[in-house]
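Engineer: According to TrEMBL, the protein has these features:
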type: DOMAIN; residues: 29-110; note: domain 'Manganese/iron superoxide dismutase N-terminal'
type: BINDING; residues: 54, 102, 187, 191; note: Mn(2+) binding site
type: DOMAIN; residues: 117-220; note: domain 'Manganese/iron superoxide dismutase C-terminal'
């Protein structure tokens, strides 16, 4: 039987507690990623005002709220407060997903984007969808069909080695909720397009293909296959 009153065990417990506190203290807070292009660089397809609000306000809010939720979760974990840990799950899922999704989204876009993918990505698209145009039609239709707010994704299924299209509600992250590795995401929350396209989501979805960064999508596919 272990005696926790013994000096050795007291020392071990103190050391373990100190280690946990050090790890918690060293946790880096999430930060808003910088864009590699100006807010107006995607015009006329996505205007500068939308990009500025979407990045500096909406994404920043997800980052801030995620940091707050993680701090509360850390405190609840230290106290062994399971009830609070469970209660914080929706905030972690929503804000964590918002941060993950938008961080991918900004890199999926480029002022030098558009056109068609090349190489391995194009071959995978042809294999799994028949042609680039068929994939584009299916992803566009799925994006327009998302009810309420959410995202539509081109993802990679590692087990089968195939590309898949999937929609996620709200800010649910693709990989965390479906297992698919995200390659290309289309944000269909109204804040992503309403100021420019009003409630005509199909026009926004049609326009966004002109700024898709296929180099980034290709790099994501190569990483997913490793």
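Going from the start of the chain as shown, residues are counted 1 onward.
Positions of Cβ are set from backbone N, Cα and C atoms, glycine also.
The model shown is predicted, which means the values in this text are computed figures rather than measured ones.
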Engineer: Within a 10 Å radius of its Cβ, which of these binding-site residues (54, 102, 191) has the fewest neighbouring Cβ atoms?
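Structural biologist: Candidates: the binding-site residues 54, 102, 191. Fewest Cβ atoms within 10 Å: 191.
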Engineer: Work out, from DSSP, the number of helix, strand and coil residues along the domain 'Manganese/iron superoxide dismutase C-terminal' (117-220).
Structural biologist: 55 helix, 24 strand, 25 coil
Engineer: Name them in sequence order: residues not among 54, 102, 187, 191 whose Cβ is within 8 Å of the mean position of the Cβ atoms defining the Mn(2+) site.
Structural biologist: 55, 58, 59, 105, 189, 192
Engineer: Counting by DSSP, what is the helix, strand and coil composition of the domain 'Manganese/iron superoxide dismutase N-terminal' (29-110)?
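Structural biologist: Helix, strand, coil within the domain 'Manganese/iron superoxide dismutase N-terminal' (29-110): 58 helix, 1 strand, 23 coil.
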Engineer: Taking only the residues in the domain 'Manganese/iron superoxide dismutase C-terminal' (117-220), give me the average pLDDT of this model.
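Structural biologist: Residues in the domain 'Manganese/iron superoxide dismutase C-terminal' (117-220) carry a mean pLDDT of 98 in this prediction.
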Engineer: Looking only at Cβ atoms, how many others are within 10 Å of the one on residue 187 (Mn(2+) binding site)?
Structural biologist: 25
